[in-house]
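**Student:** First, the structure itself, so that you have it in front of you.
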């Protein structure tokens, strides 16, 4: 219906004009119609509707990007390329040749896979796997929780066979399936007046490395909005960014409207962005940091100022805040505080004061039974069957999200490549119309 109305307006404007000076309106109308058709073509370009055309444009964009990147590196610093090729060749020979270095190479590869795993998870967390899911909730949070619970049950923190003994790819940590008797006697004895068995700092030091690596990944994952906005700034597309914010918040829900207003407020106050402002936005969990990256790129914040403040905020401050919360939640510090406060409140009520004297010893017995190592024995067939079923469902869900994420990358890249081709076509059409109009005007002046 909109297309019909638009064409009707175009045709009426063209038919109603008799003078040559009115051809500008007709040309602008035709260009607007062409832009609208281009936008519809981009929206219809998906893997489901046009798989071959989408894959062709994606491969073309990837080839052009690699060609441009290689040319840039060769033009700026060809020595870097030569050193990189030599380093890769040297590493390949170390992997192929046998010798006393083989053991050290294997350890290096384990550390490399360990670091790559957690950094990639952090990057995926910033991107959201295309579905807004947070890998802290999916991987790092459960890892910290399981390690804390195991340390509480066994009374020791030296559970890992190596620093990289964590969940990696399809490998489960070795300490998760072991009994507490396999590690030896407890190093931290239970105290009679507290539920906290293992010191908080001892647990934090054991999970700190993977947590920081995950935080580094989240900081790296915030770079694409910065670079995209910086490129848009060079092409003077600030208006497109603001329109994108408006289109993405067309919903009328309260939260959506609130986020939209907050985004516009941040955009209007973007001149106040400095190192400490970016650090604060990166340190506090919020859904607006992508906007901060866009604004930093749009308004010319230097790269190192943006990246260092983001790195400190996400990899150090925010990561430790989340890790501390999980540890406190799982090593009974929070439970003990709630229990003590609840007992104190109920103790001032006459009806419950007499009941608490009989109830507290029973609660202590239940807590000791739950926290004992024998209560966590996973050796039963039913427990193993449940673990297998849960892992299968969880891994299937993760792979589906990754597949959805890859489909989104392919589709958006193909649409962006199509947009570049359409811009070239639009520029040629505009030049052709302008030349035609100038010829008409010159003929009119001649007559």
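Using the three backbone atoms N, Cα and C, a Cβ is placed for every residue, glycine included.
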**Student:** Among 21-44, 117-140, indicate the range for which TrEMBL gives the feature transmembrane segment.
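**Tutor:** Within the set 21-44, 117-140, TrEMBL attaches transmembrane segment to 117-140.
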**Student:** Transmembrane segment per TrEMBL: which of the ranges 78-97, 158-177 is that?
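**Tutor:** Within the set 78-97, 158-177, TrEMBL attaches transmembrane segment to 78-97.
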**Student:** Check each of the ranges 47-66, 187-206 against TrEMBL and return the one annotated as transmembrane segment.
**Tutor:** 47-66
